[in-house]
Amino acid sequence: MDLIYTLNIIGTFVFAISGALTASEKKMDAFGSAVIALITALGGGTLRDILIGSQPVGWLLDPNYLYTVLAALAFSYFFKKWIVKLTRTMFLFDTIGIGLFAVLGMQKTLSFGLSPAIAIMMGAVSAVFGGVLRDVLSNRVPLIFRKEIYATACLAGATLYYGLTFTRLPENWSIWIAIVVVMGIRILAVRRGWGLPGIK
Amino acid sequence: MDLIYTLNIIGTFVFAISGALTASEKKMDAFGSAVIALITALGGGTLRDILIGSQPVGWLLDPNYLYTVLAALAFSYFFKKWIVKLTRTMFLFDTIGIGLFAVLGMQKTLSFGLSPAIAIMMGAVSAVFGGVLRDVLSNRVPLIFRKEIYATACLAGATLYYGLTFTRLPENWSIWIAIVVVMGIRILAVRRGWGLPGIK
Amino acid sequence: MDLIYTLNIIGTFVFAISGALTASEKKMDAFGSAVIALITALGGGTLRDILIGSQPVGWLLDPNYLYTVLAALAFSYFFKKWIVKLTRTMFLFDTIGIGLFAVLGMQKTLSFGLSPAIAIMMGAVSAVFGGVLRDVLSNRVPLIFRKEIYATACLAGATLYYGLTFTRLPENWSIWIAIVVVMGIRILAVRRGWGLPGIK
C-alpha cells in the first residue's frame, strides 16, 4: 500500500494547489488561501467520513495530510508562475487523484458494511466534493455542476472497481485499472468536449 | 407505519423534483442536477443525523431513498413541461413532506434523549434545511430567509405534536393533526401573503 | 470554570448579534435572522465537534446556548440602533469570544487524543468558522478570507496556550494570557491595518 499512500499524498498536494490558485484569483489573503486549499484537498473525504460515521475524520488522525496542504500552499506562493505553465502535469496528477480517491472512498464505505450503490456514490463524493466546496466558498456555482463529466468518470471507475473485486485479480491491479479508466474517460471528455445533457 | 414510509418516499420524490428544477434553471448538467436533487431531498435529515450523532446517516442505510431521488431525476428530465403545470399538486405534496419531515425529525431527536426545545428545532431543520442547501449551492440567498413562513409552520407543527404526545391520542393521529396544521399555516400564509417581520 | 462558562455565553450572545445584523442587512425575515444568528454563534463549535466526533454536538446538550441565541435575536430586534453605536463594546466582547473559543476548542480536541497541530487548528476552526458560514449563507465571499488577521490571531493564541500548558502556570491563567494575546494581535491589526499577503 506504500505506493497508494504516496499517490494519496500527491493527490492531496495537487488538489490543495488547485484550491490555492482559486483563492488567489479571488484575491483572498494567505489565511483564506489556506482554508480553501485545505477544503479542496480534504473536503471530499471529510464529508464521506462524516456521512458514514468514521470519526474523528481520517486526516485528523494523520497530520501528514495537514502538512501536505501547508507545503502545497508554500509551493503555490513561491512558484505560482511556474505552476500555471504546468497545466498538463497538474491535470495528470489531478486525474490520478480523483481516480484514487474514488476507489479508496468506495473501499472505506464498503468496509463500514454499507451497500454497493451507496459505496459507489461515496467514492464519487470523496473524489469531487472538495472541488464543490471550493467553489461554494469562493461564491461561484460549482464548476462540476456545469461542465466536465468529472463525477461521471468517478462513478464509472468505482463501479468497475467493484466489479473487479469479484474476479481473481490482485487488489492493486483492480485499483490501477479503475484509475486508468477514470483517467481515460476524463481525458477523452476534455479532448472531445463531451458533456452531459441538462434538463431542458 | 407503512403509510408513513410511503409518504416519506413521496416527500423525498417531490423535494428531489424541486431540486432538479432549480438545477435546470441554473443550466446545470445532469450530474449537477442529481447532486442538487439529492441534497434538496435528503440534506435536512442528513444534517439532523450528523448533529445528533446518528451515523451512518439514515438514507445510507436504506438505498430506496437514493433510488427515489434517481427516479425523480429521470421523471423531471422526461416530464418537465408537465410538472411545471402541476404546481398545485407539487405544492400539496411538498407541504405534506415538510409536515411529515418535521414530525419524524422531532421524534428521532427525542429518541436520542435530547430536550424537547432541541427536538422541535431539529424537526424544523429536517424539514427545511434541504431547501437551504439547494439555494446555497445554486449561489442564491436561501428563499426561506426572505419569504414564506415555511419554517415557522414546521416549528408550530412540531410543537403541537409534542403537546399531543401527552394526550391519549394514538400516535398516528397526532402525526396527522400536526401535518394538517403545518399545511394549514403554510397554505394560509401563501394565500394571504403572510410573512415575518425583519430587523429594521 | 464559572467565569469561563459565563464568558462562553457572552461570546455566543455577541456572535449571535453579529449574525442577526448581517441578516438584517440582507433583508432576511425573522426566521432567516434566527438561522444566521444561530449558525454564526454555534457553527464553529459544531463543525469542530462533528470533525472530532463529539456527538450530539455540544450545544444540543445544553439548551442555554439556544436560549442565548434567541435572547440575542430579541435584543437585536428591539435595540438595533443602540447596538450599532456600541461598536467598541461589541468588538471587545467579540474579541474575547474568539480568544476563548480558540482556547476551549483546542482543549476539547486535545482531550479527544488528537495531536497538538490538529488541536491548534481545531481551536481556530471553533473561533472563526461560524463567521465563515454566516458569510457563505448570506451569499458573499467570507470576510475572513479577504481582510483581518482574525484567524492568525486565533492560531497564535492557541499555540501560546499549548506552550503554557507545559509551564507551572494555573490553567485559568494560561487561558487568560492566551485570550489577551489574541485580543492584542487583533486590536493592533485593526488599528494599523495589518493584513496577510495573498498569492500574487
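Cβ coordinates come from backbone N, Cα and C, glycine included.
The feature transmembrane segment is assigned by TrEMBL to C:6-23, C:30-52, C:64-79, C:116-137, C:149-167, C:173-190. Sequence annotations record features per position, and here TrEMBL assigns domain 'Glycine transporter' to C:6-80, C:92-164.
Under DSSP, residues within the domain 'Glycine transporter' (C:92-164) fall into helix, strand and coil as 60 helix, 0 strand, 13 coil. Across the domain 'Glycine transporter' (C:92-164), the prediction's mean pLDDT works out to 83.
In this chain, the transmembrane segment (C:30-52) lies in contact with the transmembrane segment (C:116-137); the count of Cβ pairs under 8 Å, excluding pairs fewer than 6 apart in sequence, is at least 3.
Counting Cβ pairs under 8 Å that are 6 or more residues apart, the transmembrane segment (C:6-23) and the transmembrane segment (C:173-190) reach fewer than 3 and are not in contact. Non-local neighbours of the transmembrane segment (C:173-190) in the same chain are 4, 91, 95-96, 98-100, 102-103, 148-150, 152-154, 156-158, 160-161, 164-165, 167; each lies 6+ residues outside the stretch with a CB under 8 Å from one of its CB atoms. Sequence-distant contacts of the transmembrane segment (C:30-52) (same chain, at least 6 residues past either end, Cβ-Cβ under 8 Å): 12-13, 15-20, 22-24, 58-59, 65-66, 68-70, 72-73, 76-77, 101, 105, 108-109, 112, 114, 122, 125-134, 137-138.
Counted with DSSP, the domain 'Glycine transporter' (C:6-80) comes out as 64 helix, 0 strand, 11 coil.
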